[in-house]
Amino acid sequence: MNTEHEAASDVATLYWVGGTDGYLKMIDQTLLPTEYKEIECRDVETVWEAIKKLRVRGAPAIGIAAAYGVVVGLQTEAGTSRAEFDQRLKIVAEYLAGSRPTAVNLFWALDRLQKLAADSADLDSGEMHALLLEEARRIEVEDLEMCHKIGEVGAALLSPGDGVLTHCNAGGLATSGGGTALAVFFEAARQGKGIHVYADETRPLLQGARLTTWELMQRNVPVTLISDSMAGWVMKEGKIQAVVTGADRIAANGDSANKIGTYSVALLASLHDIPFYIAAPSSTFDLSLESGAEIPIEERQPEEITNGFGKQTAPEGVDVYNPAFDVTPAKFIRGIITERGLIQPVTTEQVLRVLNSEPVQS
Ligand SMILES: CSC[C@H]1O[C@H](OP(=O)(O)O)[C@H](O)[C@@H]1O
């Protein structure tokens with residue numbers, strides 16, 4: 001636990017230091033696992049770059065970073081009129097919204113802060129700034145509570161000795177510190193279920209190889225790293241009894257966007273009659289979308305594939321297609337694990353029923 005970190009998280013993915021004149025501190029995830037370094041974000045441009053370059057990544061973590069990014073971006077408005085403050089708030093929110101398009105938590109957090117400001121027109125700029133910092137901290141702490149509940153709901157689905165496969169990183173590093181898919185594994189391990197995790201390396205940015213294995217080893221959860229192309233074979237060999245991944249945006253019918261390669265894993269799981277679960281907080285649902293067809297998919301730079309981590313592995317000028325996410329249709333998802341319970345079957349009716357219920361009691 002970082003002594004400066006006020007939220008009760010044991011993985012200090014990101015946190016605010018000080019008052020409204022403070023700053024956002026975060027682990028630079030691009031350096032893991034070989035270097036553990038925290039960076040300080042003292043202006044909104046640094047926050048934007050950190051999200052864009054995946055120094056901070058994962059839907060919930062991106063939402064928290066954006067919320068604190070708004071607070072940082074408003075530090076230029078100390079002592080201004082409320083009208084000037086609100087104009088700057090609009091500019092900063094639009095700027096941060098342009099960092100990455102798929103993770104809905106980013107937009108959910110920005111909308112939440114802007115609505116708070118609209119509902120607090122009577123406050124002066126200093127009071128409003130302080131209230132926005134409180135709300136950003138609330139988003140962080142609420143996420144930690146959601147992660148712990150997701151862990152409890154999901155762990156109940158796993159049996160002693162299960163082999164479980166995951167794709168990308170949906171751990172503490174992708175959230176306030178508790179994780180979503182990995183929260184399920186952490187809780188199952190805490191309950192003594194003796195699970196064994198198989199982590200896809202997750203090309204091209206290797207969040208699985210670099211981050212998921214690191215987190216699980218930190219917590220002494222047995223983990224085996226496999227290449228993405230091995231997922232089908234370990235299922236065929238009977239090593240996998242369940243698959244759990246995170247999500248970046250879930251449509252009202254349960255179609256789920258997640259790291260590229262997740263769709264293939266879901267199809268393979270279906271072929272082997274292995275349950276495929278998504279673990280995600282309610283803040284990752286976008287009920288304005290009827291289906292996953294409308295989820296915006298981020299395309300990233302070709303160099304992530306042709307020059308991953310500095311080594312050229314393809315001819316100069318080769319044509320590259322690099323979508324960062326894909327969408328798994330609800331029909332391939334056995335259940336969606338949320339802090340409000342398990343959504344099963346995965347239908348619009350069930351999504352709305354569970355999301356309208358209260359969070360499970362720990
Ligand atoms: C708990 S959300 C984790 C989710 O975010 C990752 O994407 P990225 O690393 O590009 O931010 C991936 O889709 C994970 O499943």
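Each Cβ is built from the backbone N, Cα and C atoms, and glycine gets one as well.
TrEMBL labels come from automatic prediction, so no person has curated them.
Note that the coordinates shown come from a computational prediction; the quantities given were computed from them, not determined experimentally.
Annotation comment: TrEMBL describes Arg57, Gly58, Ala59, Arg100, Gln207, Asn258, Lys259 as substrate binding site. Following the DSSP three-state reduction, the secondary structure of Arg100 (substrate binding site) is coil.
According to TrEMBL, the feature site 'Transition state stabilizer' maps to Cys168. Long-range Cβ contacts of Cys168 (site 'Transition state stabilizer') within its own chain (separation 6+, distance under 8 Å): Asp200, Thr202, Gln207, Gly208, Thr212, Thr245, Gly246, Asn258, Lys259, Gly261, Thr262.
Sequence annotations record features per position, and here TrEMBL assigns active site, proton donor to Asp248. Sequence-distant neighbours of Asp248 (active site, proton donor): residues of the same chain at least 6 apart with a C-beta under 8 Å from its C-beta are Ala59, Thr102, Ala103, Val104, Asn105, Ala257, Asn258, Lys259, Thr284, Phe325.
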Mapped DSSP class for Cys168 (site 'Transition state stabilizer'), helix or strand or coil: coil
Candidates near ligand 1 among the binding-site residues Gly58, Arg100, Gln207, Asn258, judged by a Cβ under 6 angstroms: Gly58, Gln207, Asn258
Residues close to substrate site centre defined by Arg57, Gly58, Ala59, Arg100, Gln207, Asn258, Lys259, Cβ within 8 Å: Leu54, Ile62, Thr102, Ala103, Cys168, Asn169, Ala170, Ala174, Gly246, Asp248, Ala324, Phe325
Residues near Gly58 (substrate binding site) in space but at least six apart in sequence (CB under 8 A): Ala103, Asn169, Ala170, Gly171, Leu173, Ala174, Thr175, Gly246
For the binding-site residues Gln207, Asn258, the one whose C-beta sees the most other C-beta atoms within 10 angstroms: Asn258
